[in-house]
Structures are given as structure tokens and as C-alpha cells.
Amino acid sequence: MSGSILTSVGSRIFSLNTIHTYFFFILMFSGGLMCSSCTDLFTGWVGMEVMLLCFFPVVLKHHMPWLSVLGCVNYFVIQVIGSNLYFVSSCFMSAFDSKHWMISILLALFLKLGMFPFSFWVPKVYSSLEWGGCLMVSVWQKYGPLFIMANNYLNQKFWWLVTLSGVLSVWIGGMLGVTVNSVRVLMGWSSVCHAGWMAILTLTSEWILLLYFLTYALICTALFSMFELTGLMNFSSFAYYSQTTRACLCLGLLSMAGVPPLSGFFLKWVGLLSLIESGFELISLALIMGSGMSALLYMNLVFTLSVHSWAMSLSYPITTPMWEAGDYIRMFILIFMFPFLFFFLN
Amino acid sequence: MRFSVISTQSFGLWSWGLIPWIASMNSLGLAHLSFLSFFFFLFLIYPSSLSWNLLWLDWGFDYLSLCLICLSCLVIGLSILMSLESSCSEMTKSCGLLLVTLILTFSTSSLLYFYCGFEFSVVPMVYIILRWGSEAVRLVAAGYMVVYTLFSSMPLLWGLACLADKTCETSMLILTKTPFSGYMDSLWWVAMILAFLVKSPLYPFHLWLPKAHVEAPTFGSMILAGVMLKLGTYGLFRVCPIYMTGHHIINSVVIAMGVWGSAYSGLIALRVLDMKEMVAYASVGHMSLVVAGIFSNTTWGWGGAFIMMLSHGLVSSLLFGLVGYMSTYSGSRGFIFNRGWMNIRPWLSVFMFIGCSANMGVPPFPSFLGELGLMTGLGLYNWVNFIVVGISCVLTGAYSLRLYLLTQHGSSPSHLRPIESASNGPAVVSFIAHSIFIILLNFIWVM
């Protein structure tokens with residue numbers, strides 16, 4: 001039992017064993033900060049590139065690097081296409097002094113975020129990455145593009161593009177996610193839905209966006225590290241879990257789905273209030289209906305966890321990956337951050 | 001934004017403190033706890049007035065919510081008693097969670113807290129269906145329930161957010177201003193009531209209910225029919241005062257759907273072959289009438305809806321208990337396999353008689369008062385409703401008699417013979433208590 005929550009969970013799901021991976025980890029965070037504090041598009045591009053390049057040494061485990069190579073390569077190709085499109089169109093924008101290049105910049109960012117017209121890469125990448133990689137793709141890699149969008153005033157001018165893509169990715173993510181059989185791909189579609197929410201929130205208030213992002217990051221970290229610790233691959237492996245593990249997983253998933261007393265509800269409520277405050281009443285209605293659709297993503301998983309399993313009735317003992325007490329406590333803290341978040345709003 | 005700071009925070013803090021304590025009980029302990037809290041809240045009714053008594057922040061209750069808290073404590077206690085023999089720790093935990101959630105849900109004056117409880121109470125209910133349901137179709141049934149309640153409650157959240165943002169208030173106490181005007185107003189009003197209509201359920205939105213009832217275990221359907229449906233009508237009682245004076249076109253549509261839907265579900269109940277499904281359609285019919293009565297905006301309609309809501313809670317709980325008891329012993333929910341129970345269990349037909357006559361609204365039972373109020377209130381709204389509600393009351397009588405005659409009379413089939421020597425179990429106590437409280441409900445003080 002050493003160090004903080006982040007270190008001990010992080011050392012298990014990322015390869016934070018040696019000092020140079022820590023270096024890349026910190027470099028990745030600084031790339032994100034570069035994106036969120038930039039005033040021009042070029043610095044944002046540099047920040048996104050730094051984040052992308054530091055992603056690989058953090059995610060690839062050096063004692064078994066073959067595990068997620070395929071996912072990394074797929075992800076790299078997609079992100080490079082997005083970056084190049086971004087770079088070229090921002091050059092054109094300054095060269096020709098035309099605001100309409102912002103459309104292709106936004107499309108490039110949607111490609112990087114995995115939002116609606118370009119969400120085809122999500123199942124491929126998520127299914128071939130490990131949970132640590134999935135967590136990075138879902139959370140930290142989204143930070144850069146989102147805050148570039150939030151910082152740029154032209155984002156407001158093309159609000160129709162952002163809201164169209166956001167609402168459609170919430171709906172499409174929910175629709176495509178319900179048919180999926182692998183848990184990682186399912187979480188990939190869930191990240192598409194949340195990216196849609198966050199992209200629309202870039203139009204309203206940066207603080208609300210940050211709050212949404214942080215809460216989403218907490219829930220994601222909790223859930224993905226639970227998946228990692230229980231060694232979960234697909235739906236059938238649930239049958240071996242103990243009652244407490246199932247309850248924890250269920251709570252995490254329900255929190256992701258936005259069931260009220262859990263942190264996920266906070267995301268919806270704060271997002272809705274901020275959207276309505278900015279005058280997006282009908283769009284927020286479409287968005288929250290899509291959120292209902294995307295909550296159905298987790299339904300199959302929660303149902304599978306709740307059904308009394310056949311493995312319980314087996315006569316021989318099955319070895320399951322055991323958790324320490326500290327693991328449960330960490331998970332509960334991460335899932336039930338809910339009331340404390342409200343203090344930040346004051 | 002400040003408003004949201006206090007609001008959702010305390011909902012969480014309250015419930016978390018209570019859950020570990022209740023989770024450590026056994027089933028009988030939880031039944032004791034719910035009976036004790038029933039009497040506690042019952043005695044709170046008399047000193048408190050009809051208006052709101054606020055305790056702390058947005059927590060408090062009035063007469064309506066106290067009655068519903070009493071109902072939920074009673075029904076949950078009796079349903080645990082009903083299946084005490086097959087109880088396990090998960091059952092105690094889920095029922096206890098449901099009890100705490102329902103008490104918290106009914107004892108707030110904030111619509112946002114109410115929404116939290118309204119949404120969260122689906123979780124233990126779906127768990128009960130999934131964990132104790134008998135067939136693989138239960139996954140489909142639970143899916144229907146989740147999809148219906150989830151999709152309909154999303155617009156409600158949107159409506160509440162609009163209300164919170166434009167009027168800076170979601171309290172039920174001062175719910176007079178509406179956030180929009182024009183066509184957005186109608187949209188907002190539909191968004192506000194849709195979740196409650198689906199939950200109640202009003203006739204065309206009822207499809208999840210018979211499925212859920214058929215698949216749920218006995219105690220699950222007792223709780224579902226007895227309390228969970230009342231969350232919807234309670235919500236309607238709370239939001240409808242906004243449109244108390246105006247004759248909104250949507251309200252008339254809802255009344256028409258409720259009144260005709262009640263007659264339709266009576267017709268469906270006359271021809272189904274499954275006992276549980278029949279009782280489920282009976283509750284659809286009654287609850288549709290209750291919804292119509294609330295929307296009629298008359299004193300008669302509201303009083304009738306109030307009494308009908310409470311009496312339906314107890315009566316449908318009793319009927320589901322009886323039907324569940326019979327199907328446990330006969331091994332089938334079909335009418336064909338459940339004949340001549342009077343020869344096997346003479347006391348059972350006494351309770352069946354009480355349940356069926358209370359369901360059809362025969363005078364000593366409170367359903368009669370409810371039907372009287374609803375018929376008058378809806379007839380005051382429009383005279384056509386007199387005829388349709390009359391037809392639906394006749395149909396109620398017809399299917400209640402059908403349930404009684406088919407299951408109790410006739411010669412008993414041979415597969416029921418061995419049951420004659422089986423012991424009665426604590427279910428009898430549950431049936432007796434149901435019957436007593438149904439009679440005592442006559443002495444309730446109408447709002």
C-alpha cells in the first residue's frame with residue numbers, strides 16, 4: 001500500500017514502472033495544458049502532437065509490448081490524419097483569411113475526438129487496446145481538442161456544426177453501442193456519447209466543460225480500473241465474480257448511465273442547466289433524449305451482472321481475481337464523489 | 001447555479017447513512033422496521049395539518065405524502081411477510097433500499113429530489129425482476145421497463161432544468177410560474193407529465209407493466225403495483241396545480257386516454273388467460289382512471305383519485321399476493337390449472353372474495369368511494385365521461401367476478417390434491433393484514 005490513489009491504480013494499468021515512463025506521462029499532461037492555454041491554432045497543434053506521441057510509451061507495457069500494438073497503430077494513423085487536416089486547414093485559414101476553413105478544422109477535431117461523422121475508428125481501436133489505453137483515449141486525449149474548441153471564438157460562429165455533430169454522436173453512439181458484445185467497445189461508444197456532450201458544452205461555458213470533464217474522468221478512471229482489476233474481457237466472464245464485485249461494477253456503470261444519486265447524474269444536470277442558460281433549449285432536449293438512448297448501452301451489462309449466475313451453483317470453487325479492501329474503498333470514493341463536487345460550484 | 005448546490009447534495013447524504021444499517025438486517029427485521037415506520041408515520045398524520053410541514057431545507061411532508069409513505073411502508077412490510085419462507089439477504093437488501101428510497105422520495109418538497117428518487121427506485125425494482133424472475137423472458141420484461149421509464153424521464157429532467165433555470169425554483173410549494181410561453185409551453189408541459197403518465201401507467205403507455213408483473217416474483221409485483229405506480233400519480237398531483245385554472249388541450253387528451261383506456265384494459269382483462277396478467281391489466285385500468293381524475297381538476301376528481309390510489313395500492317397488492325400464492329402451489333399462472341381452490345384452501349377463497357369485491361368497488365370497501373368520486377369528477381368535466389366510466393366500472397366488476405369464479409369454484413384438478421396437506425405459512429398473516437387495512441382505509445380523511 002504505497003502512494004496516492006493515482007499512483008497505485010496508475011502503476012497497475014499503465015506502465016509506470018520506470019522513470020522515463022513517468023517523464024512521458026508528465027510530458028503528455030503538459031501537452032494537454034499547452035492545448036488548453038493556447039491562443040492560436042498552431043500552438044494547439046503542437047500540444048496535440050505532443051499528447052499523441054507521449055501516448056504510446058505510456059500505454060505500451062514494455063514487458064509485453066505486443067499486447068496493444070495493433071490498437072496503437074490504428075489510433076496513430078487516425079490521429080495523424082486528423083492532425084494533418086487540422087494543420088493544413090489552419091494554414092489555409094491564415095493564408096486566405098477566410099473563416100470558413102474553421103469548418104474543416106472542426107471536422108478534424110471531430111475526427112480526433114471520434115465524434116459522429118468520424119466515429120468509425122472507435123470500435124477498432126478500443127477492441128485492440130488495453131484498459132489503460134482505453135482510459136487514455138477516452139479521457140486525456142480528448143482534453144486537447146475539446147479545449148482548443150472552447151478557446152477558439154470561431155467555434156461559436158459554427159455552432160450549428162458543433163451541435164449537429166454532438167447531438168448525432170450522442171444518438172448514434174447509443175444506438176451502435178447496444179449491439180456490441182465486447183465491454184471495451186461498449187465503453188468506446190460510451191466515450192463517443194460523452195464526447196458529444198462535451199463538444200456541445202464548449203459552446204457554453206469553459207468552467208462547466210472543465211467540471212464535466214473532471215467528473216467524467218473520475219468515473220472513467222474508477223470504472224476502467226475496476227475492469228482492469230477484475231480482468232474483464234467480455235460479458236461471459238461476469239459469471240465468476242463475487243457479489244460485492246458485481247455491485248461495485250453495477251454502481252460504476254449506473255453512474256456512467258446517469259442514474260440520479262450517483263456522480264453521472266451530476267454531469268447531465270450541470271450540462272442541461274448550462275445549455276438552457278445559453279439558450280439551447282431544444283438542442284438540450286434532443287441531447288438529453290440521446291442521453292436516454294446512450295444509457296441503454298450499459299443496460300445489457302448491468303442486466304448480465306444482476307442475473308443470478310450459474311457459476312454460483314457450481315460445486316467446485318472457482319478462483320477469481322481478488323481485490324484488497326483498499327481497492328473497494330478507492331472505487332467507492334471515486335464513484336461517490338458526487339456531493340463533494342457541488343462544493344466546487346459555489 | 002447556486003440553487004443546485006444544496007439540492008442534490010443532501011439527497012445523497014441522507015440515503016447513504018441509512019443503507020448500511022438496513023442492509024445488516026434479516027428479512028423479519030426489515031418487516032418489523034417497515035411496520036414500525038408505518039405506525040410512526042400513521043401517527044404523524046393526525047397532528048400534522050393538510051399543508052406542508054417542513055423539517056430541514058427541502059425535506060418535509062404534507063398529508064398526501066404522509067399517506068403514501070404509510071402505504072409504502074405497509075406494502076413493503078406485507079410483501080416481505082408474504083415471501084418470508086423463501087427470503088434471503090439480497091431480498092432484504094433490495095427491499096430495504098426500496099423502502100429508504102421511497103420514504104425519501106415522498107418526503108421532499110423539491111421536484112429535483114423527487115426526480116432522483118423516482119429514477120433510482122427503478123434500480124432495485126429491476127434487480128428484483130432480474131434476480132427472482134422465473135423465466136428467461138424476464139430480461140425482455142426488465143428491458144421494457146427500463147426503456148419505458150428511462151426514455152420518458154429524460155424529458156422530465158429537461159423540464160425540471162428549464163424550470164430551475166428560468167424560474168430559479170423547483171420547489172413543489174410555490175410551483176406557479178411556467179418557464180415558457182407559446183408552443184414551447186405545450187412542449188414543456190408534455191415533457192413534465194410524460195414520465196408520470198408512463199409510470200402510472202396511462203393506457204397507451206402501459207405495455208411495460210403486464211410484462212414486468214408476469215415476470216416479477218410475488219413480492220416484487222406486490223411492491224410494483226402497490227407503491228411504484230403511485231410514484232407516477234403522486235408526481236401528477238404535484239405538478240398539475242400549475243395548470244389548475246387553464247384548460248389545456250393536452251389535459252383533455254390525457255383525460256380521454258385515461259377514461260377510454262380504462263374501459264379498454266377492462267376488456268383486455270376479461271379475455272387474458274394468465275391470472276397475473278389479468279390483475280396487471282386491472283391495475284392499468286384503475287390507474288388510468290386515477291390519472292384522468294387528477295387531470296379533471298375538480299375537487300371530486302382529486303378526492304376520488306386520492307382514495308382510489310390508496311385503495312388500489314392495498315387491493316392490488318392483496319390480489320397479487322393471492323395470485324402468487326396460488327401459482328406457487330399449482331406451478332402455473334394459467335386459469336386452466338387453477339380451478340376449485342375452494343375445496344383445497346377454504347380460507348383462501350375468503351380472501352379472494354374480499355380482494356375481488358374490493359377491486360370491483362362494492363360499498364364497504366374504499367374503492368367504492370374512489371369510483372364514486374372519479375365518476376362524479378370526470379362527469380363534471382364532461383358528461384360523456386359518465387357513460388364511459390360507467391362502462392369501465394361494469395367491466396371491472398365483470399373481470400373481478402371472472403377471477404373469483406374461475407379460480408375458486410368448480411371441481412379441483414388432481415394436481416392440486418397433494419397441496420391440501422401443505423402448511424399455510426406466514427402468507428395468511430399478510431392476507432389478513434391486507435384485508436384489515438383495506439377496511440380501515442374507509443376512515444381516511446379526504447383531502
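Every residue, even glycine, has its Cβ placed from backbone N, Cα and C.
Taken straight from TrEMBL:
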TRANSMEM  B:63-84  transmembrane segment
TRANSMEM  B:96-116  transmembrane segment
DOMAIN    B:109-395  domain 'NADH:quinone oxidoreductase/Mrp antiporter transmembrane'
TRANSMEM  B:136-160  transmembrane segment
TRANSMEM  B:180-198  transmembrane segment
TRANSMEM  B:218-237  transmembrane segment
TRANSMEM  B:249-272  transmembrane segment
TRANSMEM  B:278-295  transmembrane segment
TRANSMEM  B:302-324  transmembrane segment
TRANSMEM  B:344-362  transmembrane segment
TRANSMEM  B:383-405  transmembrane segment
TRANSMEM  B:425-446  transmembrane segment
Relative to the transmembrane segment (B:302-324), which of B:96-116, B:180-198, B:278-295 accounts for the most Cβ pairs at distances under 8 Å? B:278-295
Maximum Cβ pairs under 8 Å to the transmembrane segment (B:278-295) among B:63-84, B:180-198, B:344-362, B:383-405, B:425-446 is reached by B:383-405
Can you name the far-off residues of the same chain, 6+ from the ends of the transmembrane segment (B:249-272), with a Cβ under 8 Å from a Cβ of it? 186, 189-190, 193, 197, 202-204, 206, 243, 278, 281-282, 284-286, 288-293, 295-297, 378, 381-382, 385, 388-389, 391-392, 395-396, 398-399, 402
Sort out for me which stretch, of B:63-84, B:180-198, B:344-362, B:383-405, B:425-446, has the most Cβ pairs below 8 angstroms to the transmembrane segment (B:218-237). B:63-84
What else in the chain is close to the transmembrane segment (B:180-198), if you only count residues 6 or more beyond its ends and a Cβ gap under 8 Å? 118, 148-149, 152-153, 155-156, 158-160, 162, 166, 205, 208, 232-233, 235-236, 239, 242-243, 248-250, 254, 291
For the transmembrane segment (B:63-84), what are the same-chain contacts with Cβ under 8 Å, counting residues 6+ beyond its ends? 27-28, 30-32, 34-35, 37-38, 41-42, 44-45, 48-50, 91-92, 95, 98-99, 102-103, 106-107, 217-220, 222-223, 226-227, 230, 234, 237, 306, 310, 313-314, 317, 321, 324-325, 425-427, 429-430, 433-434, 437, 444-445, 447
